[in-house]
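**Q** What follows is a single structure, and I will ask about it in a moment.
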Amino acid sequence: MKMLGSLYFRLPIDSLNLNETKAIQRRKSHHRSKGPSEKESQEQEKVLQPLINVEPTFVGLEFRIKYVLLLLALYLGIGTLWFFLIKNQIYGKKTNGVIDAIYFCVVTMTSVGYGDLVPHSTLAKILSCIYAFTGVALVGLILSNAADYIAEKQGILLVKSMLKNEKFNTAEVLMDVETNRDKYKFLMTSLLLVVLIISGISFLILVEGMEFIDAFYCVCSTMTTLGYGDKSFSTQEGRMFAILWILSSTICLGQFFLYLAALYTEKRQRSLVKWVLNRKLTPSDLEAADMDHDEVVSAAEFILYKLKEMGKIFQDDVLLLMERFKDLDVDHSGTLTTDDLILS
């Protein structure tokens with residue numbers, strides 16, 4: 001959209017040539033008044049600008065993830081208190097009252113539902129239903145925020161490490177991170193998923209005393225939230241481990257399939273872009289791209305037409321931006337200046 005911004009400043013197209021000439025003259029006179037030191041500082045600012053723009057985004061994501069974690073802690077705290085107070089109304093194999101209450105909260109909110117602990121009374125069933133519905137919504141909130149936070153953090157760390165070597169261009173590194181965002185998220189999620197599977201199987205074998213096949217079966221049925229119930233965490237140590245493991249593994253698997261779908265969509269989008277750029281133009285294309293109907297297609301008209309064809313922008317977007325441009329162009333010169341901004 002940065003590219004589009006420069007194009008919209010140059011419309012309407014019927015005054016394009018005259019406006020470009022004026023703009024060039026203004027730029028020339030502006031450059032003559034600048035000293036060497038000022039030019040160097042501007043070049044340095046231009047290189048660092050992409051990193052400056054990324055930092056506020058990361059700070060916003062960091063604030064959101066802290067808010068979500070606080071909400072999760074509050075949610076688990078309330079649920080633990082609920083189910084601890086009615087622990088006698090929950091049947092099944094029990095270990096420790098507090099640990100069992102937290103374990104039941106996690107199993108319920110992630111919809112795993114082993115069946116090793118089940119609500120028996122009317123009150124316990126009603127509370128479980130309320131907790132299950134709100135828990136699914138909270139898990140979705142955690143999914144979206146946690147993944148974005150991790151991806152942005154890794155992207156910024158990558159950029160900062162690249163900046164230590166002057167051979168790398170900051171803008172190019174940031175562009176690569178932005179372009180392959182879904183790819184990096186998918187790779188990180190895949191790695192984390194493998195770690196969670198291995199740790200889950202190892203714990204079930206070493207602590208719960210399961211055979212490898214049973215442990216693998218329990219891990220798969222848990223991560224996919226099937227929760228058959230014939231194999232589950234039955235010891236106090238196992239449920240302490242399961243509180244964190246179930247929550248993180250179910251979320252991770254959901255993100256894995258989400259990013260897999262995003263990669264497939266991105267691949268199709270890139271194929272569409274490649275087809276749009278490589279296909280031969282026809283007279284009908286030129287006619288459609290000629291916005292001012294002067295039988296000549298300018299660079300701005302061509303780019304706008306191709307972006308619309310790629311599905312990057314839509315005609316309604318262009319019209320809205322044109323209206324905004326006309327409102328800002330107080331002197332109706334076809335360009336925006338500081339005077340226009342002051343007067344508007």
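Backbone N, Cα and C atoms are what each Cβ position is placed from, and that goes for glycine too.
Remember, it's a predicted structure, so these values are computed and weren't measured experimentally.
Pulled these from TrEMBL:
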COMPBIAS  25-34  compositional bias 'Basic residues'
COMPBIAS  35-44  compositional bias 'Basic and acidic residues'
DOMAIN    316-344  domain 'EF-hand'
REGION    25-44  region 'Disordered'
TRANSMEM  67-86  transmembrane segment
TRANSMEM  98-117  transmembrane segment
TRANSMEM  123-143  transmembrane segment
TRANSMEM  186-207  transmembrane segment
TRANSMEM  242-264  transmembrane segment
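Quick one: how deep are these features, and who are their neighbours?
**A** Summarised by DSSP class, the composition of the domain 'EF-hand' (316-344) is 19 helix, 0 strand, 10 coil.
Proximity of distant same-chain residues to the transmembrane segment (123-143), defined by a Cβ-Cβ separation under 8 Å and at least 6 residues beyond the stretch ends, is recorded for 68, 71-72, 75, 79, 82-83, 86, 89-90, 105, 108-111, 250-251, 254-255, 258.
Within its own chain, the transmembrane segment (186-207) is flanked in space by residues 147, 150-151, 154, 214-216, 218-219, 222-223, 233, 235, 237-238, 241, 245, 248-249, 252-253, 255-256, 259-260, 262-263, which lie at least six positions past its ends and keep a Cβ under 8 Å from the stretch.
With a cut-off of 8 Å between Cβ atoms, the residues of this chain six or more beyond the transmembrane segment (242-264) that come close are 99, 102-103, 106-107, 109-110, 112, 139, 142-143, 146-147, 182-183, 185-186, 189-190, 192-193, 196-197, 199-200, 203, 219, 222-225, 233.
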**Q** What is the pLDDT of the domain 'EF-hand' (316-344) when averaged and given as a whole number?
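**A** Mean pLDDT, the domain 'EF-hand' (316-344): 83.
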**Q** Excluding the flanking five residues on each side, which residues at least 6 beyond the ends of the transmembrane segment (67-86) place their CB within less than 8 Å of a CB in that stretch?
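**A** Beyond its ends, the transmembrane segment (67-86) has Cβ neighbours at 97-98, 100-102, 104-106, 108-109, 121, 123-124, 127, 131, 134-135, 138, 141-142, 145-146.
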